[in-house]
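Here's what Swiss-Prot has on this protein:
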type	residues	note
DOMAIN	640-783	domain 'TIR'
CARBOHYD	115	N-linked glycosylation site
CARBOHYD	200	N-linked glycosylation site
CARBOHYD	246	N-linked glycosylation site
CARBOHYD	415	N-linked glycosylation site
CARBOHYD	443	N-linked glycosylation site
REPEAT	78-101	repeat 'LRR 2'
REPEAT	102-125	repeat 'LRR 3'
REPEAT	126-150	repeat 'LRR 4'
REPEAT	151-175	repeat 'LRR 5'
REPEAT	200-223	repeat 'LRR 7'
REPEAT	224-250	repeat 'LRR 8'
REPEAT	279-308	repeat 'LRR 10'
REPEAT	309-337	repeat 'LRR 11'
REPEAT	338-361	repeat 'LRR 12'
REPEAT	389-414	repeat 'LRR 14'
REPEAT	438-457	repeat 'LRR 16'
REPEAT	501-524	repeat 'LRR 19'
TRANSMEM	590-610	transmembrane segment
């Protein structure tokens with residue numbers, strides 16, 4: 001019994017643990033408000049639960065889902081797109097898609113579906129895109145899969161290994177299919193007319209290793225197909241027989257051979273096939289390999305007529321293993337006379353034989369980009385009578401090194417108007433060059449040139465010199481309409497007077513820091529300007545111009561996203577249209593002028609106030625007093641030499657010398673007075689004499705009169721006495737009114753003296769002789785106090 005309980009407990013614990021470790025499927029989805037749900041690469045092993053009608057798009061690709069049940073998508077009635085590619089799905093229940101009548105995009109590619117059921121697709125009446133590639137089915141089922149998909153426009157079916165047969169019912173009902181991709185790499189059986197039911201199909205991509213059934217498939221689609229692309233096919237065994245085709249009138253306009261392997265012999269078969277069906281205008285070879293030497297044995301070349309209708313031939317990345325043994329292809333020269341456009345890109349072309357160039361009589365466009373052309377071999381290719389109708393020549397990314405020689409080489413091309421020689425290493429440019437006289441377009445981008453000179457033809461209407469090392473553009477090109485000069489080192493816009501017809505200017509990613517309204521207005525015909533990606537200095541003038549000109553946004557095609565401030569530093573990286581500078585930054589001159597004016601007015605006001613309230617006097621007196629205080633004293637402060645210092649006007653000297661001195665110095669005991677006329681030290685600064693005399697006197701007697709108030713030196717003596725009153729906080733001043741004087745006559749700056757006159761008794765000289773004795777008694781008492 002205990003063992004049973006123990007076993008049950010262990011099973012319960014394991015079950016709970018597995019539940020805890022199992023991921024929450026619904027939480028593995030991230031959905032936005034529009035109903036787009038992303039569940040890619042979440043290691044899901046089953047369909048998420050809780051899917052509702054709110055889901056519009058569901059991506060569950062790159063997971064580990066193996067099974068889709070009837071109820072998994074039941075509520076997704078509004079689902080438009082369902083991506084389930086790259087899972088391990090091997091089972092889909094019959095009614096799994098029953099409610100997906102709104103579904104337009106379904107991708108079930110690269111799963112493990114070995115059997116396809118028509119019941120899956122029957123409810124999908126709105127389906128436009130269906131991808132079933134990479135599943136291991138052998139065929140498309142016993143019953144028509146797609147007969148109910150009347151709105152289907154793009155269909156992809158097949159696989160590399162197991163898809164071996166196409167039956168006549170497989171594509172029934174797909175009347176209006178636009179694009180079809182079939183991976184028939186291992187196709188072994190094709191029932192005739194299996195693709196015949198498809199009408200007006202635009203594009204068929206057919207992947208097949210061996211071309212055994214190629215002609216049969218082509219015949220069924222020839223009357224409805226416009227573009228056939230053949231992929232990953234080994235055409236080395238391909239042989240075409242005219243007897244295999246009954247209908248020669250086709251709708252096919254373009255053939256593309258992608259990653260196809262051909263030999264000299266099989267190439268002949270391709271040419272015969274293209275000749276036998278009329279209407280082909282364009283042939284394209286991409287990433288193909290030619291196992292041969294160019295020895296194309298084409299019998300009855302003169303009978304090949306329809307291939308002459310081909311107007312465009314494109315060859316990209318052609319690999320020729322025996323490249324250095326390759327012939328000149330002279331056997332097919334006559335087939336090229338009516339071709340108008342040829343592109344041979346990245347295929348190691350170093351020479352176009354002169355004879356071939358002369359046969360290309362209708363050629364208007366030739367692109368030899370990413371090859372090995374040099375001036376010497378280009379001269380042979382552009383020989384006399386070569387490419388007589390050529391208008392556009394593209395020699396981008398070859399090995400050209402001299403602009404002068406390149407231009408001279410092309411002089412034989414009388415109708416040449418457009419030349420692209422970008423991504424060659426010219427480095428320098430001569431002062432003069434010769435070019436075909438009808439030149440209208442020249443592309444010199446990415447050629448490492450440092451300057452542009454008169455080598456540029458004046459007949460140009462379009463010039464591209466972008467991605468070089470130019471720091472100046474000063475060419476006079478009177479007919480130029482478009483100038484592309486981005487990714488250089490220009491610091492300013494070109495001079496508009498040199499480009500009077502300019503319509504388009506692209507000058508982004510240079511060293512331009514600003515441009516003005518005047519500069520743009522000087523380009524009278526300019527319609528388009530692209531100047532983003534420069535390091536703009538967002539000055540007030542630049543911001544005002546760019547933000548206030550509403551019409552500027554119509555001219556600047558990359559505005560505002562690519563217009564960023566580089567300085568000032570606090571707005572670096574911000575879009576020009578969003579930057580706002582402060583008043584101090586935008587009106588600095590006015591601000592400085594205002595501050596200067598305010599400072600001037602402040603100084604002027606200060607001077608007026610100083611003059612009105614004797615401010616200069618206060619400062620002068622304070623300075624003098626401080627200087628005096630800093631000087632070392634000749635005698636200690638207690639060594640007083642005089643009883644009183646007498647301050648008086650020269651006009652009152654008679655009264656002082658004959659009355660005051662006589663009454664005080666001849667009194668017993670005598671008083672010692674200090675008079676400036678008698679006791680000042682000769683040669684000493686007068687202010688120092690005044691200060692020293694006041695400091696060496698116990699009292700200071702001021703003989704006040706109208707003359708005293710008007711005397712300049714008396715004012716100084718009053719001044720320093722005034723400072724002494726503040727400094728010592730004493731009552732050392734004795735005022736004698738020699739004659740009546742109003743208090744207003746004493747300057748208000750002598751506030752202490754005025755206060756003394758208001759609060760203390762002063763001596764007034766009596767005119768009555770009887771009262772004079774009392775005056776002298778009071779004076780002597782005041783001096784002794």
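We count from 1, first residue shown onward.
A Cβ is built for glycine as well, from the same backbone N, Cα and C atoms used for every other residue.
What you see is a predicted model, and the numbers here were worked out from it, not measured in a lab.
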- prompt: So which one is it: of the glycosylation sites 115, 443, which has the fewest other Cβ atoms within 10 Å?
  reply: 115
Query: Which bits of the chain, at least 6 residues beyond where the repeat 'LRR 19' (501-524) starts or stops, bring a Cβ under 8 A of a Cβ in it?
result: 466, 471, 478-494, 530-537, 539, 541-542, 545, 549, 552, 555, 558, 562, 566
- line: Nearest to residue 415 (N-linked glycosylation site) by C-alpha distance, among the glycosylation sites 115, 200, 443, is 443
- prompt: Sequence gap of 6 or more, C-beta under 8 Å: which same-chain residues meet both conditions with respect to residue 200 (N-linked glycosylation site)?
  reply: 176, 224
Surrounding residues of the repeat 'LRR 2' (78-101) on its own chain - C-beta under 8 Å, 6+ positions past either end: 35, 53-70, 72, 107-114, 117, 119-121, 123-126, 131
- line: Listed stretches 126-150, 151-175, 309-337, 389-414 vs the repeat 'LRR 16' (438-457), most Cβ pairs under 8 Å: range 389-414
- line: Between the C-alpha atoms of residue 443 (N-linked glycosylation site) and residue 115 (N-linked glycosylation site), the distance in angstrom, to the nearest integer, is 56
- line: Around the Cβ of residue 415 (N-linked glycosylation site), other Cβ atoms within 10 Å, all chains included, total 13
Task: For the repeat 'LRR 5' (151-175), find every same-chain residue at least 6 residues outside the stretch whose CB is under 8 Å from a CB in it, and list them.
output: 109, 125-141, 143-145, 181-195, 197-199, 207
Query: Residues of the same chain, at least six outside the repeat 'LRR 4' (126-150), with any C-beta under 8 angstroms of its C-beta?
result: 85, 101-118, 156-167, 169-176, 181, 183
Message: For a three-state summary based on DSSP, what are the helix, strand and coil counts in the repeat 'LRR 16' (438-457)?
response: 0 helix, 3 strand, 17 coil
Task: For the repeat 'LRR 19' (501-524), jot down how many residues DSSP puts in helix, in strand and in coil.
output: 5 helix, 3 strand, 16 coil
Field: Mean of pLDDT values spanning the repeat 'LRR 4' (126-150)
entry: 93
